[in-house]
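Visitor: Below is the structure I would like to discuss, written out as structure tokens.
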């Protein structure tokens, strides 16, 4: 086992705090409408320019291992927030840094770290309740566009495009963001269905760059049982080969000999084919296969209705314009099913939603409804250079996640105002002892950090902005950093999703609490000797062994 270096108490915390500050200072310059860009070196290709907090955080790895521990814990705040809410990563990082800095000062002054953490947790719970109470449901398309615009750093075109996409496919529909081949950013809405089953073998892949199977104008075979031998299917497979079209097989499973035979045929080029498992389980799987059948004009091959595999003909296969399959998802675009049949099926599912008493069943039925009634919207992001396209794509991804979050939990005034107003709810709150009360005060001060940073990035003194907003009792009154005016933020369209603000605060407090209560840090000790120069010394990188 390799030797370890160990630091204790304030030595460990000070080292980790340095790492926290390095990462947070690099991330927080991107906050707000006047946030700056960060340029990241890439091992190959052009450098990347971004204003996306989590992209900056992911690139930072420090040479000092103790400092790196602190940096990686704060990086965790950004990625957790990104995973849950899809946006708000920079806000979360700024909050975490503020809580850690204040918390470690209090620990150094002799306060009990565990009581401080209890105080912090209590304050965060109150602040989150305040954010939830002040949130307002998103009702209009214009509000969705505003949320998207703010998250895309004031890019109105992106905000409106996302609102249009959500209007077309609904909040439940599938919206993907791709890089365009042109300089224009455009929205493409295609009716289609996506389900969470990927290809059964990577040998089916047709696009190695994207690791995807792409089938144009495929025929689709739906089989509700396991497929373990292709013998009964040979007549229809020969007919498919003669038709010159690719084949998608959706079955409970395709195993053993059947899968091997399909793969061999695909590799030899005799049959363009892919196989995926049917979505869902039990009765729900049957229902979803039926949905796919209606969408693609297919007949489900099922012994329940007396159809055997050997009797399958080309007429029983479904058809679609295109099918894309990744390792996790399958998307069927433009099925040829009759519109009247699809509408009847949608009406039937809606009735089932009304009749069911189980929340779980209701949720699953709504998922099916979204898949049938929704569609696939593709936002193609264009730009003059590759660097510009990648930077814009980051912003569109953020904006899309933010609008989804807004549809989930509503909106609050943006620009850090909701957090600042939540600090008012902590006035007069005390803990069970002085140290807990100090923990509450830490959160109260930390809630000012995002708005201070937004103001400072805009070249305005943060303390003055904080003072002015706290004096005003209107919950929507705040500072619009874009225009540098004090306005009603909701009227001005400066709004944030409540879910993003809540998630940022929860994750920041969670990781900051862990850092404050750290009493020892352990890392691997550096190896002796600097190792042999590249290409020289002992083979296989053995030059740094201590013989």
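Even glycines carry a Cβ here, placed using N, Cα and C.
Copied straight from Swiss-Prot:
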BINDING   30, 31, 32, 33, 51, 87, 88, 89, 90, 91, 415, 496  ATP binding site
REGION    528-547  region 'Disordered'
Visitor: Highest Cβ count within 10 Å among the binding-site residues 30, 90: which residue is it?
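Guide: Counting Cβ neighbours within 10 Å, the top one is 90.
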Visitor: Give me the count of other Cβ atoms within 10 A of the Cβ belonging to residue 415 (ATP binding site).
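Guide: Its Cβ shell of radius 10 Å holds 29 other Cβ atoms.
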Visitor: What residue among the binding-site residues 32, 88 has the most other CB atoms lying within 10 A of its CB?
Guide: 88
Visitor: Using DSSP, would you call residue 88 (ATP binding site) helix, strand or coil?
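Guide: The residue in question, residue 88 (ATP binding site), is coil (DSSP, three-state).
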Visitor: Other than its own, how many Cβ atoms are within 10 Å of the Cβ belonging to residue 51 (ATP binding site)?
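Guide: The Cβ of residue 51 (ATP binding site) has 21 Cβ neighbours within 10 Å.
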Visitor: According to DSSP, folded down to helix, strand and coil, what is residue 32 (ATP binding site)?
Guide: coil
Visitor: Roughly how wide, in whole Å, is the group 30, 31, 32, 33, 51, 87, 88, 89, 90, 91, 415, 496 that binds ATP, by largest Cα to Cα distance?
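Guide: If we measure all Cα pairs in 30, 31, 32, 33, 51, 87, 88, 89, 90, 91, 415, 496, the largest is 17 Å.
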